[in-house]
Ligand SMILES: [Mg+2]
Ligand SMILES: [Zn+2]
């Protein structure tokens, strides 16, 4: 049977928002990100990172540079005991009209194929409205974190009944709450 996943945005959700980070030195874990991910890991769902990296398509940095940044995130998380099951990125610029740039669900479709994920029982946690829209597009539960850019969409999210959390630690509490509701 297919399993739920926790889909995670990267920039502004796991690491400090740096606007097109292109070098490993720019990578810094957000406060409470590792603690939140460790709490989320207790549910046993795989973590899947879904990250728009249009800096590649825009020519701001190369695939190799993007790989180096991602490797640094992976290294910092590993040091905190956090393992990401799968990393996906959309490398395209908006004008390329791809199917993987969030809020389009291409990356989640890849996870369904690669990891046998059931998106309708999954969560998407991110700091942008496109992350919330991505969740809605695949029937997952979206959670907006106000780290990164999240503050600007917080009011809209609350109005529409989307959970708004201050960081991944709070988001882990929201996931636990929602899972308990579903099992009640
Ligand atoms: Mg983000
Ligand atoms: Zn794409």
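Note that Cβ sites are derived from N, Cα and C of the backbone, with glycine treated the same way.
Copied from TrEMBL, the annotated features are:
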type	residues	note
BINDING	9, 10, 11, 17, 18, 19, 20, 51, 52, 53, 54, 101, 102, 128	substrate binding site
BINDING	9, 11, 127, 128	Mg(2+) binding site
ACT_SITE	9	active site, nucleophile
ACT_SITE	11	active site, nucleophile
SITE	51	site 'Stabilizes the phosphoryl group'
BINDING	90, 92, 98, 100	Zn(2+) binding site
SITE	101	site 'Contributes to substrate recognition'
SITE	102	site 'Stabilizes the phosphoryl group'
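Checking the recorded positions 54, 90, 92, 101, 102, 127 against ligand 2 with a 6 Å cutoff on the Cβ atom leaves 90, 92, 101, in sequence order. Less than 8 angstroms from the CB of residue 100 (Zn(2+) binding site) sit 88, 90, 92, 106, 107, 110, each of them six or more residues away in the same chain.
Same-chain neighbours of the Zn(2+) site beyond 90, 92, 98, 100, judged by a C-beta within 8 angstroms of the site's C-beta center, are, in sequence order, 52, 57, 91, 96, 99, 101, 104, 106. With a cut-off of under 6 Å between the Cβ and any atom of ligand 1, the binding-site residues 9, 52, 98, 128 reduce to 9, 128.
When Cα-Cα distances from residue 98 (Zn(2+) binding site) are compared across the recorded positions 51, 54, 127, the shortest belongs to 54. Comparing the Cα of residue 51 (site 'Stabilizes the phosphoryl group') with the Cα of every entry in 9, 11, 102, 127, these being the binding-site residues, the smallest distance points to 9.
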